Amino acid sequence: MSPFSSTRFHSIATGSFAMASTCPAGSIVKEKYERLPDYAAPTHYKIRLEPDFSSFTFKGCVEIDLDVLKATKWDHFEACEWTRVAKLAAHVFGKVNNACDRFTNRGYSQKVQLKIDYMGVHNDKMQGFYRSKYLHEGQEKWILATQFESTYAREAFPCFDEPMYKATYDVTLVVDDGLTALSNAPVRAESKEGKKHIVTFDTTPKMSSYLVAFAVGHFEYLEQKSSKGTLIRVYTVPGKKHLGEFALEVGTKSIDWYADWFGIPYSMPKCDLIAIPDFSMGAMENWGLVTFREIALLFDAEKTSTKQKAYVALVIAHELAHLWFGDLVTMKWWTDLWLKEGFASFMEYLFVGYNYPEMKIWLHFLNDELASGFELDALKNSHPIEVPIDNPNELDEIYDSITYAKSNSVNRMLCFYLGEESFQKGLRIYLQRFQFSNAETNDLWKCLSEASGVDVMALMSGWTKQMGFPVVAVSKVSEDDKNLKLSFTQKRFIADGSEDSADSLWKVPLTFSSTSSPDQPFHRTVLSERSSEQSLAVAKGEWLKVNQGTTGFYRVKYSGELLEGLLKAVANQTLPVLDRFGLSNDLFALANAGQVPISQVLSFVESSLKENEYSVWRTLDLGIVRISDTLAYFDSDGALKKRF
């Protein structure tokens with residue numbers, strides 16, 4: 001996300017409801033951010049915008065239908081009431097010409113309409129309703145696009161700019177003749193007025209303000225209907241539509257796959273995917289008009305790598321998963337940002353894994369998601385997945401690998417522990433129960449508990465409410481011909497090897513594989529205490545792997561005897577690749593933290609001479625470089641380095 005630059009200002013009328021307005025950075029300093037009071041809520045917006053490409057300004061008019069929820073004092077809403085706001089918002093809105101009609105106090109449970117005429121600016125900051133430049137046939141051209149998450153909708157129209165205030169939207173765009181105008185919903189009507197082209201769009205579903213979107217310019221497109229009848233279009237600036245063929249394939253396939261997997265049809269008749277030349281994020285899930293960086297949507301099969309192709313597939317799958325997780329069901333407040341980002345991040349891999357198996361996407365996951373989440377969350381100054389947000393300006397700090405990669409990894413852990421069938425059932429209950437509404441983390445836990453019979457809130461609260469993750473130390477207590485008794489101990493893993501001052505404790509979902517069951521867990525349990533012992537049905541001489549498939553968001557530290565058995569399985573390739581990655585990644589991290597001797601890492605490297613998977617070699621390479629850099633300070637004669 002780009003830095004936030006607008007601050008909310010509440011001043012419509014004394015004693016009445018407040019509405020989000022705009023003021024540019026530096027024009028006002030507010031030490032305390034005030035949430036919108038609950039006196040009123042919007043039910044419908046009617047927005048008319050007329051952009052001017054010659055001056056990069058726009059005329060706007062918004063009519064907001066409101067439900068007055070509590071008795072309050074209503075003053076006159078005239079231009080004079082907006083003088084202060086107009087001055088503060090001058091750089092964004094300019095002069096407010098007409099605030100609204102007059103209405104007086106009519107008490108509780110009344111419906112009123114607020115009408116505002118205003119002026120705005122198409123900035124070059126890639127937020128709000130902004131301008132974006134591109135070159136076509138050597139000439140500089142412009143389009144207009146939007147980026148409203150998290151609190152930039154107010155830069156395009158006055159609104160209740162918090163996610164819990166959902167409403168329907170009617171949008172009209174008045175543009176120069178020859179330009180294409182796009183918004184969330186399909187076009188309802190088009191007409192001419194002199195040299196202007198007036199485009200009116202259908203009413204949207206009930207949604208949050210940050211999901212509203214507009215785009216104006218010269219565009220080309222490819223289109224295809226999905227098997228369920230949704231019209232998918234991929235829009236580009238002139239000369240690039242041929243690069244959208246793969247995006248069209250993924251978009252068409254994923255929108256139907258999600259409808260089936262979630263058990264809820266997509267809520268609009270169309271979904272546009274548009275590549276924006278200047279775009280601050282990878283992509284944005286505006287309902288019905290999804291915006292992308294060009295590199296995240298367009299793919300040249302003749303020039304671009306297969307890794308880039310996988311990236312494009314993942315980004316599209318991520319954004320279209322948001323059409324359910326984020327758009328259909330939205331967090332009440334930004335504290336639960338992970339509810340949409342973590343689940344969209346997990347679903348993108350689930351979709352690509354099922355639909356493009358040749359991409360081996362779960363190997364990409366280990367390197368790009370799990371390892372990234374581990375790296376940031378192993379720092380002392382990490383943060384929990386659920387972070388109390390008092391001011392949206394704080395959101396810049398949590399659009400990071402914790403919100404995306406760790407949340408993704410934790411969801412994967414939960415899915416594989418509960419089983420995909422129970423996990424899917426719980427998500428279906430959640431989406432059905434809260435569709436077109438808002439939810440919090442505990443709402444999701446209740447739905448998953450209902451579906452699985454597991455107390456998911458008790459299981460998962462530690463993973464989302466406290467920072468960090470555990471390392472589970474496992475050692476052999478005793479064994480006979482058929483059984484192996486193990487001791488388990490957990491503590492927080494910190495990258496610099498220091499101890500956890502918070503004495504953190506997790507409920508750790510443990511899964512086990514062995515020589516007899518290498519690809520599926522033969523046993524599952526939860527480590528709830530600091531230490532425990534357990535006997536498992538493992539024959540003497542078999543290797544045992546904790547965290548089967550590397551599905552858990554924790555590290556495992558093995559005693560020497562258990563590690564020796566796993567190294568033999570690495571050498572003869574009987575340990576599956578996901579587990580080889582996990583073992584490698586854990587060993588290097590533990591060695592760097594001073595928790596295991598470097599000799600264990602060197603033994604793993606020697607056992608990997610037959611390794612042929614890129615993901616494992618990548619973690620080996622990164623780990624060796626780090627160890628090598630460390631050895632440079634202590635290995636003056638180079639004896640240890642020779643073992644590399």
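For all residues, glycine too, the Cβ spot is worked out from N, Cα and C.
Because TrEMBL annotations are produced automatically, they should be read as predictions rather than curated entries.
Among Glu294, Glu341, only Glu341 appears in TrEMBL as part of the Zn(2+) site alongside His318, His322. Glu319 (active site, proton acceptor) sits 9 Å from Glu341 (Zn(2+) binding site), counting Cα to Cα. Cα of Glu341 (Zn(2+) binding site) to Cα of Tyr404 (site 'Transition state stabilizer'): a span of 6 Å. Each residue in the domain 'ERAP1-like C-terminal' (543-633) gets a DSSP state, and the totals come to 61 helix, 7 strand, 23 coil.
For the recorded positions Glu319, Glu341, the ranking by surrounding Cβ atoms (within 10 Å, all protein chains) places Glu319 first.
Here the Cβ of His318 (Zn(2+) binding site) has 27 other Cβ atoms within 10 Å, regardless of which shown protein chain they belong to.
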